[in-house]
Amino acid sequence: MTGLKTIIAAAGLALAGTGAIAAPATTAAPAAATPATAATAPAPAAATPADPLLAADGTPLIKPVQHVGQPTDGWMGIQTQVTKNGETARHFHDVWLVPLITVISLLVLGLLIYAMIRFRAARNPTPSKTSHNTAIEVIWTLVPVLILVAIAVPSIRLLAAQFKPAPAGAVTLKATGNQWYWTYEYPDHGGVAVTANMLKEKGEVPAGTRFRTDADGPRLLAVDNRIVLPVGVPIRLLTTAADVIHSWAVPAFWIKLDAIPGRINETSFTIEKPGLYFGQCSELCGARHAYMPIAVEAVSKEQFAAWIAAKGGKMPGAAAPTTTAATANTGAAAATAPAVPGGTAPAAEGPTVPANGSDALVNVTETPATSNQAAPATKAAFGARGN
Ligand SMILES: [Cu+2]
């Protein structure tokens, strides 16, 4: 009996020992956020590579490009589209609908002018008593019906295509609308989460707080943490909201999907060109509705995998991020973007930037101090200020 107890006790100790050894590995990422721990435990700190899409000083490497993914002064028509559905819709609008309604409008206007001049009282003192003409009535009923049917066929086809479920292997992005910022999750990639707040202008923030620069994007569209999606891979977009109805809309993707509390809406799209694309909340959601922009970086699959690794996540089917896997994922990018030690980026004059090296980790939600807008706790204060 004593022997049995000894064996059980030994087994228990062995298990406890395993746990104690495993613990530092699983908590390595958060531990790296504090400089002291990072200094004493350099090995875990190296496990998460630097964000491949940020420069060492935290500025984004992908810069906004005029006419692409953002509004342009004096531009007529729809933004350049980078998804198949978007291009189909743009073509349908520009090549078919606009010419068609132009011809119809001019035809009706011409008929009106002709009737006003040709049949005016001075020119036509004795009006015709004709009450109906069967042939003309059939024509002016049938022709509009045929035109509407001709428009309906591609319209409904496009509508169906927009709500086609994403195929297997799609990258899932869950966007949650909050008053007044967006939070994102990548549930298939280790639960990587990002909180995106609008960057305010230099004069609108207290000294030392990060503000918008031209590298971030246009005024009212730039955000502190951009989300990243791969090019050429179907994206499954899920939207919901934490408080009131919002709408996740990026014009260049031809995407506008309501985000409704208590519901999850779904659509899918595939980005075909790398770049930086901006959007905005498109459902009137309160005082700061106009100040919850969206910024998406579309990058290669390799860069996306490196970014996911930098955020502490993992690609589906890949092994859990270890030092070896992470290094393999980032490759040259990690080598050229040295990790920022500790929790602070170099404080150059100008904007303060979020820590982005080895410590910009699993959950960006945890760093509200770098945001102009804030995590829910400070939301009320911002609401009271009304700016
Ligand atoms: Cu909103």
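Placed from the backbone N, Cα and C atoms, the Cβ positions cover glycine too.
Straight from TrEMBL, the features:
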type	residues	note
SIGNAL	1-22	signal peptide
DOMAIN	70-166	domain 'Cytochrome oxidase subunit II transmembrane region profile'
TRANSMEM	96-117	transmembrane segment
TRANSMEM	138-160	transmembrane segment
DOMAIN	168-310	domain 'Cytochrome oxidase subunit II copper A binding'
COMPBIAS	336-355	compositional bias 'Low complexity'
REGION	336-387	region 'Disordered'
COMPBIAS	364-375	compositional bias 'Polar residues'
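Listed by sequence, the residues of this chain that lie at least six past the ends of the transmembrane segment (138-160) yet keep a Cβ under 8 A from its Cβ atoms are 85, 88-89, 92, 96-97, 100, 104. Away from its own ends, the transmembrane segment (96-117) comes close to residues 123, 147, 151, 154 of its chain (Cβ-Cβ under 8 Å, at least six residues beyond either end).
The average per-residue pLDDT of the prediction over the domain 'Cytochrome oxidase subunit II copper A binding' (168-310) is 94, rounded to a whole number.
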